[in-house]
Amino acid sequence: MALNFKDKVVIVTGAGGGIGKVYALEFAKRGAKVVVNDLGGSHTGQGSSSKAADKVVEEIKAAGGTAVANYDSVEDGEKIVQTAMDSFGGVDILINNAGILRDVSFGKMTDGDWDLVYRVHAKGAYKLSRAAWNHMREKNFGRIIMTSSAAGLYGNFGQANYGSMKMALVGLSNTLAQEGKSKNIHCNTIAPIAASRLTESVMPPEILEQMKPDYIVPLVLYLCHQDTTETGGVFEVGAGWVSKVRLQRSAGVYMKDLTPEKIKDNWAQIESFDNPSYPTSASESVSGILAAVNSKPADGESVLVRPPKVAVPKALAATPSGSVVVDGYNASKIFTTIQGNIGAKGAELVKKINGIYLINIKKGTNTQAWALDLKNGSGSIVVGAGSTKPNVTITVSDEDFVDIMTGKLNAQSAFTKGKLKISGNMGLATKLGALMQGSKL
């Protein structure tokens, strides 16, 4: 079935030519209302003209589509978004595509070379995304694409300015993916290889022929569709090839009384990727390191640092809603209190928290799970792993959980000491205390 964008409002920056033009044409072809933004400057950021954007709008309209031109700089992101609001009443999809090049070796780079590239790439994407953000939150829908490049992911000679800004967009995208997830706002990054006004000056003709912008567009349309759940991803794409990129971390080495000499002696092991891990969030990264250190390894021992995962036994499959008491677990008192609060103000809590928790309580060698759904309906809590994928997984001992929830143990301190392990949405973990407000045990 064809992916349809009927009545979706799409902003494409740098849409007067190259990849941006093909984005605009294809979105319009599939029913979207398109804001074609292009300042009309050169690939080095000089000059301006309305011709490029106007021609694309004319082409869209000639094919029966709907589009409007905008000639503002991406630094004036509010004006571009306002064009979408005035013309079509909203904004659903934002393609941060505009870019320039000011390539020069670092020793010859001027402040002007750096600042102009920053203003168009990093600041421009920020200004557009920020201007569109609250409109997307209100609609409970949004799709944002950041455009990085191989120069950002890996570095490239003569592109310290360009590469820095392109990597900055990866960080921005990753954070927006986390902040927007609860409001159905998805943000992904692409690193395209395609012929455009930017690349025609640095690639030979025979290579450019294989790098048509048409090969980039299908991935972007897929990522922007309302049925696509992918968010926080980084993808390299070009010439009919698509690949996902992720961070990889070596197993690492634990050393007591760390010294430069010990670093030197263990360097081969430090940089070995024989047993890598793949953290996907700051919380996973930190909790994995703390878990490794708190395991008290021997000096010089390799420590495999992975995000903590707790296997839930099959016997702990979710029970029907009802009693949340499990014999022998003091945490049952906490969950009973939470269950009462959900019954009294479930809809309010769902609106405030909007997340699903899997809480693994450890007691001796046993682990008992409770699933807390504060995302759907009026909320619910069951004994067991639940049937819905959690947004955050919390693992803690029975005693420490009770102390944290009753205010006797500081959660941040427990996390730092490795007593409290969190994977997934760290922000949701900080909201858990709200379930006990006003309650007494």
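Cβ atoms are placed via backbone N, Cα and C, with glycine included.
Over the region '3-hydroxyacyl-CoA dehydrogenase' (1-302), the average per-residue pLDDT in this prediction is 90. According to Swiss-Prot, the region '3-hydroxyacyl-CoA dehydrogenase' annotation covers 1-302.
What Swiss-Prot lists as NAD(+) binding site is 11-35, D38, 73-74, N97, 162-166, 194-197, and the listing cites similarity to another entry. The C-beta environment of D38 (NAD(+) binding site), restricted to residues of the same chain at least 6 apart in sequence and closer than 8 Å, consists of T13, G14, A15, G16, G17, G20, A52, A53, V56, A69, N70, Y71, A98.
Summarising the annotation, Swiss-Prot assigns substrate binding site to S149, Q412. Around the Cβ of Q412 (substrate binding site), the same chain contributes no residue under 8 angstroms that is 6 or more positions distant in sequence. Secondary structure at Q412 (substrate binding site), as computed by DSSP, is helix.
Positions annotated as active site, proton acceptor by Swiss-Prot, on the basis of similarity to another entry: Y162. Around Y162 (active site, proton acceptor), the C-beta neighbours below 8 angstroms that are at least 6 residues distant in the chain are L101, R102, D103, V117, H121, S149, A151, G152, N156. In the three-state DSSP reading, Y162 (active site, proton acceptor) counts as helix.
Annotated domain 'SCP2' per Swiss-Prot: 331-440, in sequence order.
Within 10 Å of its Cβ, the residue among the binding-site residues G16, G31, G163 with the fewest other Cβ atoms is G31. Counting other Cβ atoms within 10 Å of each Cβ, the binding-site residues K21, E26 show the lowest value at E26. Counting only residues at least six positions away in the same chain, the Cβ atoms of V34, V35, N37, I80, V81, A84, V91, I93, L94, I95, L128, A132 sit under 8 Å from the Cβ of I11 (NAD(+) binding site).
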